[in-house]
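Engineer: What TrEMBL shows for this protein is this:
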type   : residues : note
DOMAIN : 29-135   : domain 'Cadherin'
DOMAIN : 136-241  : domain 'Cadherin'
DOMAIN : 242-349  : domain 'Cadherin'
DOMAIN : 357-455  : domain 'Cadherin'
DOMAIN : 456-533  : domain 'Cadherin'
SIGNAL : 1-31     : signal peptide
Amino acid sequence: MENQAGPCLKEHCRIWFCLSLLLIFGNHVVAELRYSVPEETKDGTVVGNVAKDLGMDKSSLKDRRFRVVSESKDRHFDVDSNNGALKVRSKIDREELCEGNGPCLLELQILVENPLEIHHIVVEITDVNDHAPMFIEQEQVFEIGEQSSPGARFQLHAARDPDAGANSIRTYTLTPNEHFDIEISEEENIPFLLLKNSLDREQNNKHILFVTATDGGRPKKSGTLNVTILVLDNNDNRPTFNQEIYQVEIQENASKGTRIARVNATDPDQGSNGEVEYSLSKMLPRKVYDLFDLAISSGEIKLKGDLDFEESETYKLDIQASDKGQPPLIGRCRLIIKIKDVNDNAPEIDVKSLSDSISEDSKLDTVIALISVTDKDSGLNGKILLNINNDVPFSLKPSYKENMYSIVTKEGLDREKEKQYTIKIKATDCGKPPLATLKSLSIQISDVNDNSPQFSENPLYVYLTENNKIGAPVFSVSAEDMDVNENSAILYHIVRENDATSFLSINSENGQLSALKSFDFESVKTFQFHVVA
Ligand SMILES: *[C@@H]1O[C@H](CO)[C@@H](O)[C@H](O)[C@H]1NC(C)=O
Ligand SMILES: *[C@@H]1O[C@H](CO)[C@@H](O)[C@H](O)[C@H]1NC(C)=O
Ligand SMILES: *[C@@H]1O[C@H](CO)[C@@H](O)[C@H](O)[C@H]1NC(C)=O
């Protein structure tokens, strides 16, 4: 300290000394003295010996009232009238006294009396690195759009360091990071952030960096600026569904309002760029819009119509999610709705009967009707079992085609025993529970002349009274025929085989017999003849 505080001996000081002005005060011409002291030096430190340097007699200093005269109230220096030393009186802050980077000079006047002399001395306050670089605002926030391209520059706050020369700011550094470099403008020493790699808000929406300003002192001092970079959103993401294809199943008898599915798309963009709205594609079959309802904001799909498996087993809904960016971006997915069949349709029976009646002499296996059965359901719900009552002389016979049957005779028929049958056809599906349909078919048995007329009594014994009236009816014969209509219409005639037959005539229509002569018991007691019906 003593060394530093000595008189100005260093090269630059000496030049100063040589160039010192000659000052004129009254008759005295005095050369200027120059000293140097670092700022912040402790009180009492000796800067130099003025008396000695001025060549004054130490012993006379007190008598001559050797002193510093200065207008300034806060004097920094004092002289010791005992030995002529210049001492630091109060702590000096170079940056308080002087502005800027140039030399900081303090001018003092030293006065002695008898004779009066006034000496000007100059003390240079040298800089000490007593200030760290400082950012007035310690925080800086940038909002940078993620679409900004590399090369963009953003001006940072500059730091301040009141120290001079080497002790002032030398460098700015930035915490190492992926996106930014620091760049210093040469003229003004202003730092800039330089974008070197594009930002992606969805990856990282905020970067915190520290800019450090460091001075050239020994040791170095530094100050830090907190830099926050908020990455602003660009609508650079389209909504994405968490599944490309959603698949659901629903019972065909589901009631209106049933919730079917919910699709979900997300968009990592911010604000309206990330707000998603759902809609059905405009290109779907009309039926889809009638059956299904998609909630615009929740993506929930509900049933709003009646499903019918038999009409369509699946529906494919193309759904899009759109964000509210300008322009919006769109994501797509497909919802496949499979309809599960419910046994909601009973079989149908279609009978094509060939005629209402069938001849009683029909052969076995004669086809009397064709039946086709159908069921709108599918699978087991649509599989049909067919049968008919077995108390009729008919049976079912499958045909070459599925679900086609014929009804055929399985026994001989006899109209005279049963002239009509009711065939009960029952079709049952294999659903759980099964559904059944009944249909009856009535069939008449038509007559064939398969029965001969029969006399109820044969032979028939008749007693006649003699002396009958010629031509008058004597009795009737009557035969029965089981057949009907013409087949049962009977004509009678007498077989002419002997004389007796000539006594009688028969009404062919009703079998009434008349005598052609009067019988005489005494001549003919009995006779026999044949009537054919
Ligand atoms: C700067 O950042 C550091 C570390 O995050 C924090 O502790 C400090 O408070 C911040 N300073 C200001 C002024 O924000
Ligand atoms: C749909 O059908 C099934 C089977 O027949 C039945 O159990 C269920 O209750 C029905 N649901 C509705 C909503 O009608
Ligand atoms: C949608 O998907 C996202 C991401 O998978 C999830 O965080 C969110 O909870 C889902 N929303 C609904 C309503 O399920």
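Glycine is treated like the rest: Cβ placed from N, Cα and C.
Unlike curated entries, TrEMBL annotations are predicted automatically.
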Engineer: Across the domain 'Cadherin' (357-455), what are the DSSP residue counts per state (helix, strand, coil)?
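Structural biologist: Once the DSSP states are binned, the domain 'Cadherin' (357-455) shows 4 helix, 50 strand, 45 coil.
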Engineer: By DSSP assignment, list the helix, strand and coil residue numbers for the domain 'Cadherin' (242-349), in that order.
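Structural biologist: DSSP classes over the domain 'Cadherin' (242-349) add up to 10 helix, 48 strand, 50 coil.
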Engineer: Quick one: average pLDDT across the domain 'Cadherin' (136-241), no decimals.
Structural biologist: 91
